[in-house]
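Each remark here refers to the structure printed beneath this line.
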Amino acid sequence: MLGAGLAAPRSLRAQEAFPSRTIEVVTHAGVGGGTDITARMMMVQAPGVFKQEFLVVNRTAGSGAQALQYLASKPADGHAIILVTQTHLLTQLRNPSLPQFADLIPVARATADPQLVLVRRDSPFRTPQDLVEAGKQRSLRFGGTHVGGVDHVTIFAFGRAAGIQRPTLVPFRGGGEIVINLVGGNIDTAVVNPGEAEAQLRAGELRPLISLAEGRLDAFRDVPTAKELGIDVTGYTLRGFCVLKGTPEDRVAKLEAGLIEAMSGPIYKSYLQNTGQAPDSVAGRQVWGAQLEQFHKDGREALQALGLLRG
Amino acid sequence: MEAFLGGLAILLDPYVMLMVLLGTVLGIFVGALPGISGSTTIALLLPMTIAMGPIPAICFLGAIYCAANFGGSITAIMVNAPGDPSASATALEGYKMAEKGQAGLALGMSAVSSAIGGIFSVVVLIFAAPMLARAAYSFGPPEYFALALFGLSMCAAIGGDSAIKNLIAAAFGLLLATVGMDLTTGVERFTFGSYELSDGIGFVPVLIGLFAVGEMLDQAARRVGKAKIIHLDAARVPGWAEFKKCNRSIWIGSGIGTFIGALPALGATTAALIGYNETRRWSKHKHEFGKGSIEGVAGPEAANNAAVGGSMVPTLALGIPGSATTAIILAALIVQGVRPGPHLFNEQPTLLYAVFASMLAANMFYLFMGLYMAKLFARISLIPPAILWPAVFVLSIIGAYGPNQSMGDVVIMLVAGVVGFLFRRTGFSPAPLIMGLVLGGMVEETLKQSLIIFGDDVTGFLGRPIALALFAVTATGLLWPVVSRLLRVARAARA
């Protein structure tokens, strides 16, 4: 009797049309931040696909902590999705009280922006080998975002894979500052998205030495990947959608298909193209989940080695 | 030149003109409301402008950006609640003027100096952007450290009459600036485990609390026996005599604003604060400062609007945005197919000059609207305090909550309000506190970055001529009063 009573509403719920109300998109970026703009570009066509309104919820505090808490406060029914970046994974690692990576289900990837190792035009490093050789003699000064941030993890992983001395991170507030200081000669090298340094790359003020993408990039045919050089590391700026664990499988599948459809439209496509992001950014949960998994592992190792993880 | 005339010709299109006008009106409106800034508005409208086509879209967004910076001064002057952080320096003198019954003068002067600053910076942008942009590369952490130190060196002089109290307030501001995740160690400081504090203490809630809520508490604590005497000249707009008086301040502000705006790491708020300092330093009527000086409105307003044009320099010529607003403008331009960079000036001159032309037009529009509406807005000071201040309080809460949708910011705002009230009662000024909060983080961060770059060797600064020159200017500014007094004593002894 009791069992039947509990089962009935659940089966009713499964048949309920999804989505049945406004879908909230939670982001840790403030209005107008890069990730916020990604969400809004996706949302131009999503309402047409899902036949429901979409609403961005900006919860900016704590590098993703508040956004994760907000998501956790919502029922796991697919009506709240979070736009996750690598920053969220690092925040989770450092704050065990937050919903962890295992508490999220990856749904679809929105952007995958490969990174390049850049030097300035008159740098003594002419080839990737020059850079690696120099890195064995002394600790290279890499520009990146804050200590213990996503760039730091990538730079750490790069240094270890290349067998060079642990790089010195010179932390800056963002990609623009990194590029300026690279051109200005205050740092040896930096790991930067092509879009952030587009003007300087076109003007020849900066030279790409190594690409951290999986395979060669169309725009940088001559630039070898780290993997080709025997340095087993990749570097991407990733953004994509996740939902809370416990969301019914049919809804996750519906969200995955719908979000990919919304991000295959012309507006999102031209957004990717104009901001210099990879055209094959949009991907399903297989690819997206595997990539998050890998960064979760790299991030844990790097933070532990850097002494930034408690316990 | 031909391309520029082409750009102006774009404005003859009635549709484009309408967009600029619409952007200006919208910009003034959102700029005046604390909590909704020009950048938020542009971000929210960004997806909508995609359908407009590049030139109208760029003109529309450019106009919002220009006008929002001016709009911030309206609430700063009328109710001591800066609608935009960059208007905080304006509130220092502007609100005092409104209290004296000179709201119209302050608003009018704000419109005029804003427009002159804005137009000046666009003209500089047209002729010198590629050159100025190169200067940005020469500014690394050591140079920013020297510049921030220069800004901080003035703390004792601005605000109240007591240098000691100003220094105490500045030190308090510096202390607040240390809260949050430290860039160079990745460690959270003074957050007490609260996520709300991990990004530091927000500038907007402190500002709103300190100015608007502090003022409200102060008003509420006073017994108002009779209705305030209404000054007949509340709606008077500035005339030739006032312009002549402020002429120097406006040019100082315009120059400083354009230069500081062009540096990617500094924005309109810093420009306005340093503009305020320098206006005071070079003014012939120093005694008026802190009591409602019209020059103290003209200088920072010219500076923060000049910073708008200035900040477009690295955005357009380097593809590197200097502020949250320019980051969104950059995104908007890129989505429209503009490719910023050194080549923009040769490759896409039409789009570029459309940006310039729309900024010029927006500055003109708000000049006329501002002068016309000054009389209207000035009448806000005739509203009885019992009605006006509760309304301001509601706006303050929305303003603190809005940008990050965070109740934590509302709490910070309320605490800052109590601090602001206590400051008023004990003769402290909020100005040095704000200087400390704005520049404190930068002084610390850039010093640490410099030391990392120099490999922990302080003598590295000796190899940086620009930083050394700025240090020298700072030292001169600090020592000059002492030296000149000694010289005077020596001369008197000889005579």
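Just so it is clear, glycine is given a Cβ too, placed from its N, Cα and C backbone atoms.
TrEMBL: automatically predicted annotations, no manual curation.
Database features (TrEMBL):
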TRANSMEM  B:12-36  transmembrane segment
DOMAIN    B:17-434  domain 'DUF112'
TRANSMEM  B:42-68  transmembrane segment
TRANSMEM  B:105-132  transmembrane segment
TRANSMEM  B:167-187  transmembrane segment
TRANSMEM  B:250-276  transmembrane segment
TRANSMEM  B:316-338  transmembrane segment
TRANSMEM  B:350-368  transmembrane segment
TRANSMEM  B:380-401  transmembrane segment
TRANSMEM  B:407-424  transmembrane segment
TRANSMEM  B:466-487  transmembrane segment
Segment-segment contact (the transmembrane segment (B:12-36); the transmembrane segment (B:105-132)) at 3 or more Cβ pairs under 8 Å: no
Ranked first among B:42-68, B:167-187, B:380-401 for CB pairs under 8 angstroms with the transmembrane segment (B:316-338): B:42-68
Recorded stretches the transmembrane segment (B:380-401) and the transmembrane segment (B:350-368) touching, at least 3 CB pairs under 8 Å: no
Stretch among B:42-68, B:105-132, B:167-187, B:350-368, B:466-487 sharing the most Cβ pairs under 8 Å with the transmembrane segment (B:250-276): B:105-132
Segment-level pLDDT (mean, integer) for the domain 'DUF112' (B:17-434): 84
Leading contact stretch, B:105-132, B:350-368, B:407-424, B:466-487 vs the transmembrane segment (B:42-68) - CB distance under 8 Å: B:350-368
Interface check, the transmembrane segment (B:350-368) with the transmembrane segment (B:105-132), three or more C-beta pairs under 8 A: yes
Chain residues in Cβ proximity to the transmembrane segment (B:466-487) (below 8 Å; excluding those fewer than six residues from its ends, i.e. six or more beyond): 138-139, 142-143, 145-147, 149-150, 153-154, 281
